[in-house]
Each structure stands twice: as structure tokens, then as C-alpha cells.
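What follows is a set of notes on a single structure, which appears directly below.
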Amino acid sequence: MAVAIAAARVWRLNRGLSQAALLLLRRPGARGLARSHPRRQQQQFSSLDDKPQFPGASAEFIDKLEFIQPNVISGIPIYRVMDRQGQIINPSEDPHLPKEKVLKLYKSMTLLNTMDRILYESQRQGRISFYMTNYGEEGTHVGSAAALDNTDLVFGQYREAGVLMYRDYPLELFMAQCYGNISDLGKGRQMPVHYGCKERHFVTISSPLATQIPQAVGAAYAAKRANANRVVICYFGEGAASEGDAHAGFNFAATLECPIIFFCRNNGYAISTPTSEQYRGDGIAARGPGYGIMSIRVDGNDVFAVYNATKEARRRAVAENQPFLIEAMTYRIGHHSTSDDSSAYRSVDEVNYWDKQDHPVSRLRHYLLSQGWWDEEQEKAWRKQSRKKVMEAFEQAERKPKPNPNLLFSDVYQEMPAQLRKQQESLARHLQTYGEHYPLDHFDK
């Protein structure tokens with residue numbers, strides 16, 4: 001009986017939070033997410049003996065044994081602004097972005113697409129060691145980035161290059177990082193696509209899944225303590241949401257009331273594992289209410305829906321000091337990485353459908369064409385220009401040498417300890433003796 005009562009109590013609490021999270025604000029000028037901390041109706045009790053006294057939950061008693069079925073709550077709806085033809089569905093949800101901003105969204109997405117194609121092919125030619133494309137997910141990157149303040153701190157996973165692209169991170173630095181040359185801010189110590197930029201408030205990417213989530217919560221808590229008037233946004237995939245760090249991060253953010261946006265890119269696959277084998281519940285957004293986090297599910301291929309949800313979440317996270325969870329539904333058109341062959345676990349027809357029928361770049365292009373802000377001649381000219389820009393940065397990066405091997409020992413301690421100094425001297429002796437066996441001419445002197 002106690003188990004049934006507890007289950008009913010949790011279900012009713014979650015149902016109330018979920019419904020509150022999904023209601024769009026209807027007052028003039030407001031969009032996106034519902035008001036936080038909905039006021040509950042006070043239940044009347046004839047005596048104190050009837051009133052629940054449990055400190056861990058606030059709920060009513062029931063007198064019938066009833067286990068809560070996992071499918072008793074209908075699926076969380078997907079918020080969208082544009083249909084697949086780029087037409088605004090509900091005029092009241094149109095963000096009315098100026099032409100210049102929409103063009104920046106489009107050019108950031110297409111420039112990222114061009115860079116992906118060139119760097120993917122360069123890996124296949126053996127010019128770089130590894131790469132991960134962003135095909136199909138460009139809208140989640142730039143739509144969210146456009147809604148943030150440039151000083152908001154970003155914790156990425158590994159497929160958020162578009163956020164940096166929107167923040168005008170130079171193509172030369174993208175290329176330098178992938179080549180690991182002397183212009184790489186990380187001095188060639190990281191795998192390709194592990195970008196980071198202090199000036200653009202983008203924390204360097206780390207390979208282990210979900211480690212960035214509790215770290216981002218800590219940064220958000222620090223921002224709150226400092227009254228910094230900024231948010232932290234943390235990106236991750238639906239696969240990473242199954243890691244223990246994700247759940248710890250969600251709970252910390254909720255209990256410490258941190259100004260953070262958890263942005264989940266649900267692209268259908270955790271490497272080769274489809275969502276049908278990852279979870280049995282209603283995706284990732286459904287987990288938010290259980291932690292007391294305001295949540296919403298959006299069409300990740302609709303850049304305006306992503307923009308609206310992120311903008312409203314940011315506004316309220318700063319004003320109310322509370323976390324928000326956005327689940328952006330999208331599709332990973334490319335392979336997981338250059339180490340993956342997705343044809344082993346999904347059909348070509350499936351990939352072609354998303355590439356041809358529901359691509360975020362195509363949807364935004366339809367919108368631009370309908371507004372008279374873009375035409376086929378501009379499209380051809382921009383594609384040619386963007387490829388030229390990427391190729392120039394690519395060729396420049398390829399010509400630059402790798403960092404000096406001595407830099408392996410720097411940036412660890414302010415003053416190098418004796419043991420590390422011995423290792424540095426040992427490497428120098430080894431290279432002096434056997435240098436002809438290494439491509440030292442590729443390294444900076």
C-alpha cells in the first residue's frame with residue numbers, strides 16, 4: 001500500500017509539473033514556456049491526522065491500491081513555428097527577426113555545412129585524423145546561439161560547431177584545431193572537433209560523455225552567486241542523457257536553483273543505438289518535471305522554434321534563477337563520426353528522407369525565398385563564396401607546422417617540477433639520437 005501511495009503521489013506531482021511546463025505563455029509579447037512554480041490548491045483536512053506529513057513530497061492520500069502505468073501520460077507535444085515549406089503556422093509565434101539576422105542564421109548553417117563536407121573528405125584523404133559532421137542538426141546550433149547573449153557560457157558535447165560559427169569563430173581556427181598546427185589554441189593536444197575559445201565563452205570540449213553537465217551546473221551556480229546576469233547553456237545528446245552525470249546535473253541544478261539551459265539534441269541515435277533501444281519513457285523532456293525542471297520539446301529542424309524556446313528559457317533563467325530543459329527533436333543525417341559506417345544500422349531511404357524532406361537548411365531557405373530576401377542567384381553566389389572561404393582556411397592550415405614537441409610539457413604547472421623536467425630532457429635526447437625516424441620537419445622548431 002505504501003508503494004502505491006508513493007507512486008500515486010509522484011505521478012500527480014509530475015503530471016502537474018509537466019502540464020505547467022507545456023503551456024505556452026499567452027500574455028502579449030511572451031512566448032515559449034509556462035510560468036514556474038505553479039501555485040497549488042490547498043487541500044482541506046478535517047484534522048492534522050489526515051494531512052500528509054512526509055517531508056519528501058506534497059500529495060494527497062488515496063485509499064485504493066493503484067500502480068501508475070508508464071504510458072498513462074500522453075506524449076509531450078513538439079513546439080514548432082514553421083512547417084516544412086517554411087511557412088509560419090501561428091503568426092503570434094513568429095519571432096519577427098530582421099532580415100539581417102535571418103540571413104546570418106542561414107549563412108552560418110550553410111557555411112558549417114560546407115566546412116563539414118571539406119573536412120570530412122580531408123579525413124578520408126588522410127589529411128586529418130578524425131572528424132564529426134553536423135549534417136541535419138544545424139538548426140539546433142544556430143537557433144539556440146542566436147537567442148543567447150554573447151557572454152553566456154557554453155558547454156558543448158562535440159556536435160555544436162554551429163554555435164561557434166554563429167559567434168564568428170574564424171574558419172582559420174576551426175581548421176587549425178582539426179590539423180593541430182601552431183595556430184591551434186589547444187596547441188595540438190586535443191582530438192579534432194574538440195574546440196574551445198575563451199574569448200567567445202565556449203568551454204573546451206571533452207570527449208567523455210556527459211561530464212560537461214555537472215560542470216555546467218557548477219558554472220551556473222557560480223554565476224548565480226556572483227549576480228552575473230548570465231546563463232550557462234549545456235548541450236548534449238539523448239544518449240548522453242542516460243549517463244549518471246546527466247541525472248546528477250539535473251538534480252543539482254534544480255535543488256540549487258541555477259540559471260542554466262539544458263539543451264538536448266535528440267537526433268535519433270547514440271552512435272548506432274536508436275532511441276527505441278535507449279529508453280522506454282517519453283524521451284528526455286519528460287524527465288525534467290521529475291527533477292522539478294521546466295521543460296519543453298521543440299522541432300529542432302525549425303530554427304525559429306529553437307530560437308523562441310531558447311530565448312524565453314534564457315530570459316526566465318536569469319530572472320528567476322531556475323533551470324530549463326529543451327529537447328530539440330532532429331535527425332543525424334551524417335555518420336556518427338569518420339570512425340562509423342551508419343549503413344550498418346539504418347537504411348539509405350531513412351537518411352534520404354530527412355536529407356531531402358525535412359532538412360533545417362532547406363526549411364529556412366524556403367522561408368527566405370517566401371519573404372523575397374533570397375533567390376537562386378544569391379544562393380549560387382553564396383555557395384561559391386563559402387566554399388572559397390573554407391578552402392582558403394583549409395590550405396592555410398595545411399601549410400602550417402605542428403607545435404614544437406617541447407610544448408607537451410608546458411601549461412601543466414606554473415613552475416615545472418623536477419620529474420617533468422627530466423622527462424622533457426629525456427625526450428630531447430631521444431629525438432636528437434633517433435630524429436631521422438620522426439617527421440620532425442613537420443614541427444615548429
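Just so it is clear, glycine is given a Cβ too, placed from its N, Cα and C backbone atoms.
Copied from Swiss-Prot, the annotated features are:
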| type | residues | note |
| --- | --- | --- |
| TRANSIT | 1-45 | transit peptide |
| REGION | 33-54 | region 'Disordered' |
| BINDING | Y158, R159, S207, G239, A240, R265, H336 | thiamine diphosphate binding site |
| BINDING | S206, P208, T211, Q212 | K(+) binding site |
| BINDING | E238, N267, Y269 | Mg(2+) binding site |
| MOD_RES | S337 | phosphoserine |
| MOD_RES | T338 | phosphothreonine |
| MOD_RES | S339 | phosphoserine |
| MOD_RES | S347 | phosphoserine |
| MOD_RES | K356 | N6-succinyllysine |
| MOD_RES | K356 | N6-acetyllysine |
| MOD_RES | K380 | N6-succinyllysine |
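There are 19 other CB atoms within 10 A of the CB of H336 (thiamine diphosphate binding site), with all protein chains counted. Sequence-distant neighbours of Q212 (K(+) binding site): residues of the same chain at least 6 apart with a C-beta under 8 Å from its C-beta are F155, G156, Q157, V203, I205, S206, C234, F236. A 10 Å radius around the C-alpha of S339 (phosphoserine) takes in none of the binding-site residues listed as P208, T211, G239, A240, R265, Y269. A separation of roughly 27 Å, to the nearest angstrom, links the Cα atoms of K380 (N6-succinyllysine) and R159 (thiamine diphosphate binding site). When Cα-Cα distances from K356 (N6-succinyllysine) are compared across the recorded positions T211, A240, R265, N267, T338, the shortest belongs to N267.
T211 (K(+) binding site) counts 16 other C-beta atoms within 10 Å of its own C-beta, drawing on all protein chains shown. For S337 (phosphoserine) paired with R159 (thiamine diphosphate binding site), the C-alpha to C-alpha distance reads 10 Å. Taking each Cβ in turn and tallying the other Cβ atoms within 10 Å, the top scorer among the recorded positions R265, K356, K380 is R265. For the recorded positions T211, N267, Y269, T338, S347, a Cα to Cα distance of within 10 angstroms from A240 (thiamine diphosphate binding site) holds for T211. The Cβ of Y158 (thiamine diphosphate binding site) lies under 8 Å from the Cβ of M132, V193, H194, I205, S207, each on the same chain and at least six residues away in sequence. Of all residue pairs in the thiamine diphosphate-binding list (Y158, R159, S207, G239, A240, R265, H336), the one with the greatest Cα separation is 17 Å apart.
Neighbours of Y269 (Mg(2+) binding site) among the recorded positions R159, T211, G239, H336, T338, defined as a Cα within 10 Å of its Cα, are G239, H336. Compared over the recorded positions S207, T338, the count of CB atoms lying within 10 A of a residue's CB peaks at T338.
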